[in-house]
Amino acid sequence: MRNELLKNRHQDPRINYRGEAASRLDNLTDAVFGIAITLLIFNLTNPNSFQDLLTFTKTLPAFLISISFIILIWNEHLDFSEIYTLNDTRLTILNTVFIALVIFYVYPLRFLTLFLTNFFFNTEIALNIQGDQVPFLMIYYGFVAFALYFVLYLFYHRALRLKGALHLNAFEEFYTRSQKKRLLIMFAVPLLSILSTVLINEISFIWASVIGGVTYFLYTPLIIFWYSKFKKESKEFDNV
């Protein structure tokens with residue numbers, strides 16, 4: 001499946017794609033993502049009555065959001081392995097940590113999206129959580145999100161260390177450094193959310209929950225800034 005997908009993906013002519021043929025480690029990672037999505041499906045309510053069907057329908061927004069986040073993380077891994085491959089001992093170790101985190105990511109993600117569905121859509125999906133426990137849910141989710149993106153950051157850090165062995169050209173080296181900066185943003189925001197939640201929770205668990213969630217809106221301006229800078233600087237390599 002990965003091989004077929006890679007054939008149809010847009011590729012930058014300035015980049016040498018070393019991992020177009022999926023390795024066994026890539027296939028293992030894809031299988032783990034499949035398991036993660038299966039776990040989300042198993043958590044859905046099995047409709048045996050019309051009322052159950054209504055409850056099932058109410059869980060769909062949370063389910064779709066959860067799958068979107070899982071696919072986003074999978075695409076991050078796909079982008080890396082397509083360019084650099086995972087043929088390195090340290091990258092293999094990092095990949096093992098990564099796929100373990102993916103499984104851990106499913107449950108806080110699912111729980112958080114169901115909670116937000118209840119909050120914003122005024123649904124009544126059964127969730128066993130008290131108001132003063134929400135900040136700890138934010139911390140739990142933030143820690144796993146931080147860990148996932150930090151491991152991805154270490155992927156690119158390792159690739160930069162292997163630039164000689166990988167024969168990275170000038171643009172590829174620039175691209176790798178730029179991806180490190182982007183992933184720095186991606187793991188710094190959950191970390192900031194955790195710190196904000198912990199500090200404000202000493203005063204108010206309500207404000208801790210709100211600020212901890214609102215912090216993630218920082219992604220939009222920060223990624224827009226990163227992308228505009230990346231596009232501007234990458235033009236220097238157009239004629240290389």
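Placed from the backbone N, Cα and C atoms, the Cβ positions cover glycine too.
In TrEMBL, annotation is done automatically, which means it is predicted and not curated.
In TrEMBL this protein carries:
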TRANSMEM  21-42  transmembrane segment
TRANSMEM  54-74  transmembrane segment
TRANSMEM  94-116  transmembrane segment
TRANSMEM  136-156  transmembrane segment
TRANSMEM  183-200  transmembrane segment
TRANSMEM  206-227  transmembrane segment
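Comparison of 21-42, 94-116, 183-200 by number of C-beta pairs under 8 angstroms to the transmembrane segment (206-227) places 183-200 first. Taking residue pairs at least 6 apart in sequence, the transmembrane segment (21-42) and the transmembrane segment (136-156) share fewer than three C-beta contacts under 8 angstroms. Counting only same-chain residues 6+ beyond the ends of the transmembrane segment (21-42), those with a CB under 8 A from a CB of the stretch are 1-3, 6, 63, 66-67, 70, 73-74, 77, 81, 85-87, 92, 95, 98-99, 102-103, 105-107, 110.
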